[in-house]
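Pulled from TrEMBL, these are the features on record:
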COMPBIAS  1-10  compositional bias 'Basic and acidic residues'
MOD_RES   Lys211  N6-(pyridoxal phosphate)lysine
REGION    1-22  region 'Disordered'
Amino acid sequence: MNVKKDEKGFSTRSIQPDGMEQDGHGALVPPIYMSSTFVFPSAEAGGARFAGEERGMIYSRLGNPTVDALEHAVAGLEGGEAGLAFGSGMGAISAVLMALVESGDHVLCSDGLYGCTFGFLSMMKRKFRVDFSLADLSDEAAVRKAMRAETKVVYVETPINPTMKLVDLEMVARVAHECGAQVVVDNTFMTPYLQRPLEHGCDVVVHSATKYLGGHGDLIAGVAVGRKAFLDEVRMSTLKDIGAVLSPMDAWLILRGLKTLSLRMERHCENARQVAAFLQGHPKVQRVRFPGLDDFPQGELAAKQMEGPGGMISFEVESLEAGRKVMDHVRVAKLAVSLGETTTLIQHPATMTHSVIPAEVRQGEMGIADGLIRLSVGLEDVEDVIKDLEQALEKI
Ligand SMILES: Cc1ncc(COP(=O)(O)O)c(C=O)c1O
């Protein structure tokens with residue numbers, strides 16, 4: 001895809017997005033347009049807006065100035081032509097996938113997926129005959145073998161939630177395009193500060209903006225970025241008619257969160273490096289999965305496509321019982337799902353975020369052991385997070 005190069009740095013663009021227009025009063029911060037509908041200057045103009053012949057607001061399910069500002073900002077950071085905001089990450093994922101496939105098509109997925117994405121694809125298979133399968137997308141031969149004549153989409157998480165395995169974006173985009181399929185990447189774990197899939201040839205990026213983009217754990221939102229023609233089609237079909245729209249208030253909060261995205265991601269990465277090193281040296285921890293460790297098995301690929309390891313760590317203890325003891329005794333880290341916010345969060349994928357996935361798929365194809373714990377390292381003083389985990393691990 002044609003990536004728009006901007007000579008300004010990432011932080012400048014996240015604070016002052018291109019094309020951010022000031023209102024009539026010159027407000028530095030864009031206003032929150034809490035209006036469901038917009039008054040047309042004339043009947044003719046209203047008709048022209050509906051016919052797509054004139055630009056202008058109609059109704060906030062079809063577009064809203066504050067939401068527009070967010071869409072432009074995230075598109076600029078990902079290097080895409082356009083953005084489209086949704087009321088949740090799942091709103092973005094389901095709307096994009098539904099716009100790309102029809103009955104009889106096949107979606108090839110990385111061998112690890114957020115539980116509700118797996119749940120959505122299972123529903124599409126059951127009710128609408130859109131098939132899907134999982135494959136090890138880190139291996140070119142395995143990708144080629146798994147592609148079918150009906151494959152319309154390759155759907156990728158990298159790092160995969162929660163196993164932290166990476167997928168080579170450039171390779172997957174090359175193979176998918178040769179076979180006539182499009183590549184959709186869930187970039188929630190990385191954010192555009194650390195990874196920009198469109199620069200590696202992928203077609204659409206989706207985000208749970210609930211996580212790092214918003215960054216403060218106070219909203220639910222989603223964003224998709226890609227070609228303008230495709231996202232215009234999504235806006236006027238699956239977004240408009242299914243209706244997972246974002247509130248202007250939440251769009252404004254995410255715009256505020258974006259201003260500190262680069263600072264927050266630097267600190268998330270640094271804190272996570274220290275926590276991962278601590279866990280790796282702990283006798284009760286059997287395995288740590290974190291792209292910033294020296295012995296991370298895909299270090300070369302991480303250096304090629306990621307600008308930092310991110311703030312997500314998975315680690316394994318001997319059993320589900322041992323994991324429960326750790327999770328029940330943390331005090332600084334909070335036992336809650338979600339990720340990518342200021343507070344350190346700890347959770348158990350097998351019984352929480354990934355519990356909808358059948359056990360044989362979860363433990364087999366996806367490699368999510370029952371003793372695997374996921375940690376979203378926050379922005380607290382890292383010594384406090386480490387001390388907290390140390391006392392909780394002693395309870396095993
Ligand atoms: C990687 C990933 N993608 C998508 C989602 C769904 O996002 P939301 O909860 O905003 O719908 C989540 C939620 O946890 C996630 O972790």
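Cβ atoms are placed via backbone N, Cα and C, with glycine included.
Under 8 Å, Cβ to Cβ, and six or more positions away along its own chain, Lys211 (N6-(pyridoxal phosphate)lysine) finds Gly89, Thr188, Phe189, Ser338, Leu339, Gly340, Glu341. DSSP gives Lys211 (N6-(pyridoxal phosphate)lysine) a coil state; it is part of no helix or strand.
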